[in-house]
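Listed in TrEMBL for this protein:
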- 33-145: domain 'CMP/dCMP-type deaminase' (DOMAIN)
- 201-260: region 'Disordered' (REGION)
- 206-234: compositional bias 'Polar residues' (COMPBIAS)
- 251-260: compositional bias 'Polar residues' (COMPBIAS)
């Protein structure tokens, strides 16, 4: 997701659309650490995008505990509105691998995939999606539309939101207080102040009907530092998965029937 028209006000910071009755058992510490490790890599890509005057959205694609692709928003540099982080990463992956590899691949992205990216991911058969913060304006996996699990000819995919949510929100805020010279009508932002307060997530007071296929929000408990850009490898990076049994997950029943 990397649309330059996102605004921090439209980011769903309270996450109150998620009813506690639809939240499965919490992940254990080892599984949480596994997912946070990859989200840190996505955050590092988003930081690189911010330094490049791009909307700070970054992602990594992971297969069997190994990063096989990285991407960041490139819409400003290329003047191409489709160069979202997910598109950039997939282009690199498909230059080396067959399309079928995406069926076995998880996506970690700092912001909920937009409608365009959510549709692409479903058509390619992505295994699952993990993201940082939600977006009420362009979200395609529950923020606006449920493209990930609406009745379709393509297999639906599960999504999990809220991993390093606060870090993802702060990166977006930093971008929106600076000038975007590539915008059609650049706005003067010199008088804007960077807000650092982020409202906590609350899954006990839903304000609307939740998307049943969206899995539990995760709140980061890790205190480790985000990798520096200089340490960010450009090749695939293996992140060992803890030697633990596969977690047992319980999700609400969803209609995944699709026509052929």
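Numbering starts at 1 and runs along the chain as it is shown here.
Backbone N, Cα and C define each Cβ position, glycine as well.
Note: TrEMBL annotation is automatic and uncurated.
Because the structure is a prediction, the values reported are computed rather than measured.
Per-class residue totals from DSSP over the domain 'CMP/dCMP-type deaminase' (33-145), listed helix then strand then coil: 49 helix, 28 strand, 36 coil. Predicted-model confidence for the domain 'CMP/dCMP-type deaminase' (33-145) is 96, expressed as mean pLDDT.
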